[in-house]
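Single-structure report; data block below.
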């Protein structure tokens with residue numbers, strides 16, 4: 001399954017999710033297995049993982065987790081559905097939220113590599129209304145400016161509001177990724193016109209329309225992700241038939257050490273995303289992996305040489321084989 005040597009960076013992984021502690025819907029189903037998940041990721045060629053944080057509390061958890069491994073990095077930010085922690089636009093308490101995130105990032109300098117995930121989600125306004133989401137979103141540009149970091153964006157069904165806000169603040173950050181992209185071709189053009197990168201995962205590959213849009217994403221503006229434990233590529237999804245890599249999978253109720261859990265995506269599944277993208281673009285999976293790797297290094301690790309690292313990974317493997 002994995003005879004090809006490929007290297008990936010998963011730019012959006014929710015590794016603080018309770019599922020990786022064996023807990024599903026607040027019920028413990030199996031032992032914590034995050035270490036096994038990370039081992040499986042390494043075997044699949046996952047070189048680095050960005051843990052997404054969607055609240056101050058999650059950011060603290062993520063920073064604790066990334067301290068345990070040189071391959072783990074994290075973001076700091078407040079997810080749009082959690083922006084009810086922000087007050088009115090000029091509320092003094094808003095700066096407290098930002099300062100908390102600055103302090104967390106400063107405690108793990110070099111390991112916190114992005115602001116986010118932040119943005120707008122109009123599909124889930126029951127958690128936080130549009131107005132409060134917009135207030136919270138705008139404060140993240142100040143955070144990015146202070147930390148001098150790129151932004152990991154969240155954008156769902158925003159009717160142009162997301163683009164307007166990003167346009168307003170575009171000079172305050174250098175690079176950004178709109179992660180888990182599921183928009184149409186017009187929305188894609190708007191993002192590309194803003195010189196943003198596009199994150200592709202299983203949710204980006206569900207329908208034939210999704211696939212036709214992913215075909216239009218220039219490889220030099222594309223990054224790969226899983227958004228695990230979510231965004232599984234299911235058999236009913238339009239891109240599924242192009243998947244070549246599979247892992248033994250069992251129900252969480254019949255957990256087996258060494259097996260993936262049904263319905264729980266892992267960083268290793270980034271290979272499946274790359275396989276589908278390679279078919280859509282009619283190029284080799286090696287080309288997709290290397291270009292996405294280079295893009296990701298440029299965005300989140302600009303001081304390192306992307307090409308040198310990618311090639312040296314395989315040279316190290318050859319020298320020890």
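Including glycine, each Cβ sits where the backbone N, Cα and C put it.
TrEMBL does not curate its annotations; it predicts them automatically.
Following the DSSP three-state reduction, the secondary structure of residue 227 (divalent metal cation 1 binding site) is coil. Around the Cβ of residue 227 (divalent metal cation 1 binding site), a 10 Å sphere holds 23 further Cβ atoms from the protein chains shown. Under the heading divalent metal cation 1 binding site, TrEMBL lists 117, 227.
According to TrEMBL, the divalent metal cation 2 binding site annotation covers 154, 179. Contacts of residue 154 (divalent metal cation 2 binding site) defined by a Cβ separation under 8 A and a same-chain sequence distance of 6+ are given as 79, 80, 116, 117, 118, 119, 120, 121, 179, 180, in order along the sequence.
If you draw a 10 Å sphere around the CB of residue 179 (divalent metal cation 2 binding site), it holds 29 other CB atoms from the protein chains shown. Counting every protein chain shown, the number of other Cβ atoms lying within 10 Å of the Cβ of residue 117 (divalent metal cation 1 binding site) is 30.
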